[in-house]
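> Here you go, one structure.
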Amino acid sequence: MRTLMIHSDYLRYKTRSKTKIAEDIDDEKRVSGVDEALVAFIAVEKEDEENPELIINKAVKEILNVQNKVNAENIVIYPYAHLSSSLSNPDIAQKILKGIEAELLDNNEAVLRVPFGWYKSFELSCKGHPLSELSRTITTEPEEESEDSEEEPSEPSKMFILEEDGNIFDVEEYNYKNKTLRQLVDHEEGKTKDTGKQPPHVRLMREKELASNEPAADVGHIRWYPKGKLVKDLLSDYVYQLVTQRGAMPVETPVMYDLANPAIREHAEKFGERQYRLKTKHRELMLRFACCFGAFRILADSFLTWKNMPVGIYELSTFSFRFERQGEVVGLKRLRAFTMPDFHSVCLNDDHAREVFANQVDMCAQTETDLDVHYEVAFRVTQDFFDENEDWIKEVVKNNIKKPVLLEVIPKMKHYWNAKVDFAAIDDLGRPIENPTVQMDIQSAKRFGITYLDENEEQQYPTILHCSPTGSIERVICSLLEKTSTDKGNKPSLPLWLAPTQVRIIPVTDNHLDYAKEIYQQIRDSNIRVDIDDTAERVGKKIRNAGKEWIPYTIVVGDNEVENNSISVNRRVDNTKEEISIEDLAEEIHTLTKDMPFRQLPLPYMVSKRVKFD
């Protein structure tokens, strides 16, 4: 169910004509209205048919919760199919809407239910305060009980700020130098408020023709357009380059695993995320949420010795799956299917693991520079690990992270790790986008039977590190798009090496097109992504269109350029214009994109030939 709740001064409606699914109504319901109301526009979805009673109960609870916050005198139930592309059967939709009305009436609320299946004109006045417009997604998933509901309440974590000089402060007493670290702390403490607003990247990913949701698939499954696929592939190439330079060996493993395997089931339960599960005639299977299962199975079947250490296994999981709550799925930030770079390192022991861990934190920190994003960092450890390794933790913050971090000390181990570092960008709404991570795993080697032969030819269980140098590729793109909203004062852009079109050539008229094509070929041969705007638009409109596409360099070709065999380049980053040779332009771009991967433009180079997506 999708709802849009508007706190209004009044709502007035008038029925105009009926559809074939319209309910029968009395004359008094053809024209009506109410003052001082919470108007709940509702679309009942296909998924709601699984459990109408639960949907009714949850919808009523949500409506009453919002009504209580805004102190509305009346409630309006307004059927509004336009909120969803996956509508339920009309009979069930009516049943659910009437059920919501009945339950609200049972709560002694003043309720107006607008007729179902009629074309209507309506007039509404929104009050305009911060809570006057709220959207909600209500699902058939039952509300979860706490993992510790049958146990003693768990002791909460302790939160500190650890600075580079080793000083530790209480999070409430710390003098924050930047707001994003404070925002990370607020989120961890549950203080971040849900504004009901959509993150900017959701609009931008469609507007820039990168990606959009696939309505014919499950929620949280994305379709990628050519520009977005290019950016996604370049990021995948980047991570491959990053990890193989550090000795990782690429592998590929299945996406589906048998939960009858005790090690796989136990690890899945330890991970804690919701999973896609399916049953065949004789098996219960799970779609992987990361590459751990396949990597550990390979390592368990391999002959490892102390001379091999550290052993690195890398896989780009082009499809990882987590069955996130439907209401939590948003844009590229939280998905049910995503692309996860997964790097596992087998280390001799805990001492060796700490050394490799610090190096991998370095690698994760490097991505902050290469991607031109800003990360805040959370260093999470168990109390036992902190007591034994406090000095080492401070060294990592000083030498590898090099800025203040949120230090979370957990009373006891809940998962498979006893230490991990999480890097997170902060979105335009002040919420973290979890990106790179490094985790120290002290359980999986024994669980999966991974051993190595030490110097005395005795079998030992290693310590294993989990590392995703960037986090999911989708979240990287999410972070890049969100940065364009948070980075006030600068023109929005992607890093030059990720820009789908790096240079656009704009001929003034068709008479200049041949020269534009000559320039195009020279630039393309220099391994730079370039295209030509040969559309019938005026030059000013073409330049504005290039700006809307965030193209870093534009070259306008007119009579002067043709006569003098020259080019004049406009740089988006600083709005400068310069007459420059093609060789110097290529050198400038190659210098700015040094060591970054490159792919050619996967689109027609003539803009007039392109398809308009989404």
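Glycine too: its Cβ is placed from the backbone N, Cα and C atoms.
Straight out of Swiss-Prot:
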BINDING   C292, H344, H466  Zn(2+) binding site
COMPBIAS  141-154  compositional bias 'Acidic residues'
REGION    1-138  region 'Editing domain'
REGION    133-157  region 'Disordered'
REGION    200-495  region 'Catalytic'
> Which residues, same chain and not among C292, H344, H466, have a CB within 8 angstroms of the centroid of the CB atoms at the recorded Zn(2+) site?
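Filtered neighbour residues, in order: A290, C291, A295, F296, D342, F343, Q439, D441, S444, I464, L465, C467.
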> Along the region 'Editing domain' (1-138), what average pLDDT does this model show?
91
> Since the record lists H344, H466 as binding-site residues, which of them has the fewest other Cβ atoms within 10 Å of its Cβ?
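Per-residue Cβ counts within 10 Å for the binding-site residues H344, H466 bottom out at H466.
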> With every protein chain in view, how many other Cβ atoms are within 10 Å of the Cβ of C292 (Zn(2+) binding site)?
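Cβ-Cβ neighbours of C292 (Zn(2+) binding site) within 10 Å number 26.
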> For H466 (Zn(2+) binding site), just give me the three-state DSSP call.
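SS state of H466 (Zn(2+) binding site) = strand.
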> Using DSSP reduced to three states, classify H344 (Zn(2+) binding site) as helix, strand or coil.
strand
> Tally the residues of the region 'Editing domain' (1-138) by DSSP class, grouping H, G and I as helix, E and B as strand, and everything else as coil.
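Computed counts for the region 'Editing domain' (1-138) are 47 helix, 55 strand, 36 coil.
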